[in-house]
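Peer 1: Taken from TrEMBL, the feature transmembrane segment covers B:7-32, B:38-62, B:74-95, B:136-156, B:185-209, B:240-261, B:273-293, B:330-355, B:391-416, B:457-478. Taken from TrEMBL, the feature K(+) binding site applies to B:Thr114, B:Thr115, B:Gly222, B:Thr316, B:Thr317, B:Asn433, B:Val434.
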2 protein chains.
Amino acid sequence: MLNLRLLVLVQGLFLSKLALLMLIPVVAGWYFDDHSSFDFLLATAATATIGGLLAAVARFRPAPLNASMRPRDMFLLTTLIWLVMALAASLPLVLVEHISLTDAFFETISGLTTTGSTVLSDLSNHPPAILLWRSLLQWAGGIGFIVMGVGILPYLNVGGMKLYQTESSDWSDKQVPHLKHYTRLLFTAYSLLTLACAVCYLLAGMSWFDAINHALTTLSTGGYSTSDQSMAAFPPACHWVGSLFMFIGGIPLLIFVQSLRRKSWRPWHDEQVFGYAKLVLASTLALTLFLVLSQQQHWLDALRLALFNTISVITTTGFALTDYSAWGHFAMMLFFILTFCGGCSGSTAGGIKIFRLQVAWRIMIRHLKRQIHPHGTFVSRFNQRVLNDEIVTSVLTLLFLFVFTIVVLALALALMGLDTMTALTGAVTAVCNVGPGLGDTIGPAGNFASLPDLAKWALGVGMLAGRLEITTMVILLLPKFWK
Amino acid sequence: MLNLRLLVLVQGLFLSKLALLMLIPVVAGWYFDDHSSFDFLLATAATATIGGLLAAVARFRPAPLNASMRPRDMFLLTTLIWLVMALAASLPLVLVEHISLTDAFFETISGLTTTGSTVLSDLSNHPPAILLWRSLLQWAGGIGFIVMGVGILPYLNVGGMKLYQTESSDWSDKQVPHLKHYTRLLFTAYSLLTLACAVCYLLAGMSWFDAINHALTTLSTGGYSTSDQSMAAFPPACHWVGSLFMFIGGIPLLIFVQSLRRKSWRPWHDEQVFGYAKLVLASTLALTLFLVLSQQQHWLDALRLALFNTISVITTTGFALTDYSAWGHFAMMLFFILTFCGGCSGSTAGGIKIFRLQVAWRIMIRHLKRQIHPHGTFVSRFNQRVLNDEIVTSVLTLLFLFVFTIVVLALALALMGLDTMTALTGAVTAVCNVGPGLGDTIGPAGNFASLPDLAKWALGVGMLAGRLEITTMVILLLPKFWK
Ligand SMILES: [K+]
Ligand SMILES: [K+]
């Protein structure tokens, strides 16, 4: 049986935290005098009330609350919490911007999942408090996903994440204080890195408001901007800063925490980070060479553009800098493929994640060797752990579901009348949590406002599925889950 | 150590068989008086001589020939034989058509792998003997692939094909007479079906020359035609015949043989055939409905077009009938996705093959159930066989390699200057053994003649990789293979 009381309690507690977060734009609205404070305050009050009520109801019954959770509870909890948060967090957008619930929900889920697709245009004419709220959504969604990825998904063996599990294989009550401790450390590291990023942006020439907003959306690899021109609106120094901190955003945050505790910095001990760095380096060099040779660009400009766009694509941040469709077919194809790779697991990046590709690669090599010598014994490892059959099945499931979800979503979007390019890249950009698609409608120069309502909901579900490593959400569709 | 003597002997024997096949266009050239007979005879003589020499060299040494083969021998043999056959079979094209070796090799490997991409245009102006030779290449390649898929690949556990292995797990000398027996039966069934198809085409209104050619390329799901308009050049009755025999071409041929021996017809006992039929039915119905509702077509016309195109795409035949890009984005997307599915394993169809998708699906469902109840026991079966970890790894390897090969090929083609659409659909159409791509250059209305030479070789390798279920060829790239 599902532990519904605990589910309700956790939703209530999270809603209260969300209400606290809403106080920031209340202050910002008052400071900038953009007439949004009252609406934000209204949303805060509503969220706090509902959150408090849910928590009270869950705690009310005389029987003591059973705090134990089984996998089924955890699957339902993780999916539900993102939906409930997204619904509550759309309130300010509805109240301040007077947009439909569809648009508000799309913008919010796109923010919380750090996707960064937007229905808003002419960004500089919107109230600063709204721009800050969008950035905050990405920042909060980013740390939420990291905590989920470190603390919960490994126990559920989602997409081979058991490889990143530190303790025993079962979830027990002991994990809760442990998780709380880690959450505090992760939150601190995330905040410090964000602060460092904001200071660097400020020094590189952004206004302090732009610096804060972009720091929030860079570390979370979210990609929301305060300008319609995205990163192109800022001087080159900002692009180097952005490249550095997007790259950091694609590294597992836990590595920073562990380094602080051990007082030694050795990220290369995670083979995933090594693979990630190699991929970024190789793609950047290839593209720089390509730009210098075929477009006669100065090598420093070429390096800056290649580095920024490569990292923006691999980490699925989705900041736009130049219209790289003018770079020709090789660059387009390379970026399209890199989108699927994503950054490291345990970071805010979307996509398949580097370590799954590494694991699939090693399983493949092992299988090929076995085919050559059927009676030989071949073992493959990742981070010193043996890749056992549970991991293999888990990775296969995720890869299969990943492709399947994109295919179904693309077909559904095409059926809703979207053209092939928009339907296909829209599905990819949603499920990989990238942000912009390709083509005239949803490309870097466009936005998602003109899509039919149904398509916006479908894309929203796709973003959430991508953020939840798909498995976590799809499992709820099995009849077995509810029995 | 590799058994090189046996390798050389088998190449020699196959070359002699190929020389026999070349006698057919010699006769055709003489009958049609198209001045190609002498060139074909020259090619026959050259092929027979080389084949005879190789066989003689292999048999010459005093030591008795060791007839045993280990997996390494079989991997090398299967890849090598396709390459050697393609090279020898391009001879007539070079001699008769005076085209470059690149073009001739592209056309031949495209024929033998039953891909059906062509560099020739204005087909009706070519010597009839050449048209017949192209059709024969597809027909021979088709039965060659079926025999390989039934007799060799299951023992090498290529992409989960162990599921279709009937005897013990090791290859032994006993298998050879067994394989020879089955080859005779398969060849007979294939020939009878081809004859039936030719008769039906004749009755449906084709000339007897067109009927023979299209029968050869329909049963082999190859897709070469005698007309630039492909199937659109023939009356509607021919489309129904084509649909039926393409569908049959996508069913494992062994099922017909087993039915003849058992004198009972029960193809549904193979779950793969059941899945294949369901997929064809569902897609046809969806498309018919779509055409009737959105294009106001008569239901019978709509059914004919939907059925023919669906089967042509799923079986990767690649016959063109109408420009379905005018059917809108939903149809385009659906066809693009169906291309990857392919027909049944054990047939001449390319692509991933239905049973691998079914296996991946079941493994996924089993894994999701295990995630819900970590301590439960869940077993999944396919055709009554338990899906063990060896099958899982094998299927994962194939799916991963399949995507990886397409990605690498598409990137390589883009680097050679092909536009994104041509590079991507060219890679897909080659690796899935379909034939035509999308877009102006290599779409159903175009051909591959204008591509750079390097791209033609790359596509040729892609076709061969696809035909050899990729694993068989990629394994040769491992250093371990040669140690
Ligand atoms: K993003
Ligand atoms: K074909």
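Note that Cβ sites are derived from N, Cα and C of the backbone, with glycine treated the same way.
Any TrEMBL annotation is an automated prediction that lacks curation.
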Peer 1: Can you tell me how many other Cβ atoms are located within 10 Å of the Cβ belonging to B:Gly222 (K(+) binding site)?
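Peer 2: B:Gly222 (K(+) binding site): 32 neighbouring Cβ atoms within 10 Å.
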Peer 1: Excluding the flanking five residues on each side, which residues at least 6 beyond the ends of the transmembrane segment (B:136-156) place their CB within less than 8 Å of a CB in that stretch?
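Peer 2: For the transmembrane segment (B:136-156), the nonlocal Cβ contacts are 18, 21, 24-25, 71, 74-75, 78, 89, 108, 111-114, 116, 162-166, 169-171, 175, 179, 182-183, 186-187, 190, 194, 216-217, 219-224, 249, 253-254, 345-348, 467, 469, 472.
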Peer 1: Residue list, the transmembrane segment (B:74-95) vs rest of chain: Cβ under 8 Å, 6 or more residues beyond ends.
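Peer 2: Sequence-remote neighbours of the transmembrane segment (B:74-95) are 2, 6-7, 10-11, 14-15, 18, 22, 25, 36, 39-40, 42-43, 46-47, 50, 101, 103-105, 107-109, 111-113, 130, 133, 137, 148, 152-153, 155-156, 171, 460, 464, 467-468, 472-473, 475-476, 481.
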Peer 1: Counting only CB pairs under 8 A, let me know which of B:38-62, B:240-261, B:273-293, B:457-478 has the most with the transmembrane segment (B:391-416).
Peer 2: B:457-478
Peer 1: Need the DSSP three-state call for B:Thr115 (K(+) binding site) to compare against my parser.
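Peer 2: The three-state answer is coil.
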Peer 1: Considering pairs 6 or more residues apart, do the transmembrane segment (B:240-261) and the transmembrane segment (B:273-293) have at least three CB pairs under 8 Å?
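Peer 2: Between the transmembrane segment (B:240-261) and the transmembrane segment (B:273-293), contact is present.
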Peer 1: Compute the centroid of the Cβ atoms of B:Thr114, B:Thr115, B:Gly222, B:Thr316, B:Thr317, B:Asn433, B:Val434, then list the same-chain residues not in that set whose Cβ lies within 8 Å of it, in sequence order, for the K(+) site.
Peer 2: B:Thr113, B:Gly116, B:Thr221, B:Gly223, B:Thr315, B:Gly318, B:Thr348, B:Ala349, B:Gly350, B:Cys432, B:Gly435
Peer 1: Over all shown protein chains, what is the count of other CB atoms within 10 A of the CB belonging to B:Thr316 (K(+) binding site)?
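Peer 2: I get 32 for this one.
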Peer 1: State the non-local partners of the transmembrane segment (B:38-62) in its own chain: residues 6+ outside its ends, Cβ under 8 Å from one of its Cβ atoms.
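Peer 2: 5-6, 8-9, 11-16, 18-19, 22-23, 25-26, 29, 88, 91-92, 95-96, 129, 133.
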Peer 1: Provide the number of Cβ atoms within 10 Å of the Cβ of B:Val434 (K(+) binding site), excluding the reference atom itself.
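Peer 2: Total other Cβ atoms inside 10 Å, all chains included: 30.
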Peer 1: Please list, in sequence order, the residues in the chain of B:Thr317 (K(+) binding site) that are at least six apart in sequence and whose C-beta is under 8 Å away from its C-beta.
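Peer 2: Within the chain, B:Thr317 (K(+) binding site) has Cβ neighbours under 8 Å at B:Gly116, B:Thr217, B:Thr218, B:Thr221, B:Gly222, B:Gly223, B:Met246, B:Gly249, B:Ile311, B:Ala349, B:Val434, B:Gly435.
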Peer 1: Looking only at Cβ atoms, how many others are within 10 Å of the one on B:Asn433 (K(+) binding site)?
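Peer 2: Taking all protein chains shown, B:Asn433 (K(+) binding site) has 32 Cβ neighbours within 10 Å.
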Peer 1: Sorted by position, what residues of the same chain at least six away from B:Thr115 (K(+) binding site) have a C-beta under 8 A from it?
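Peer 2: When sequence neighbours closer than 6 are ignored, B:Thr115 (K(+) binding site) has B:Ile109, B:Gly222, B:Gly223, B:Gly318, B:Gly350, B:Thr429, B:Ala430, B:Asn433, B:Val434, B:Gly435, B:Met463, B:Gly466, B:Arg467 within Cβ distance under 8 Å.
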Peer 1: Which residues does B:Thr114 (K(+) binding site) neighbour through Cβ under 8 Å, counting only same-chain ones at least six apart?
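Peer 2: In sequence order, B:Gln138, B:Gly141, B:Gly142, B:Phe145, B:Ser220, B:Thr221, B:Gly222, B:Gly223, B:Thr316, B:Thr348, B:Gly350, B:Asn433, B:Arg467 meet the Cβ cut-off.
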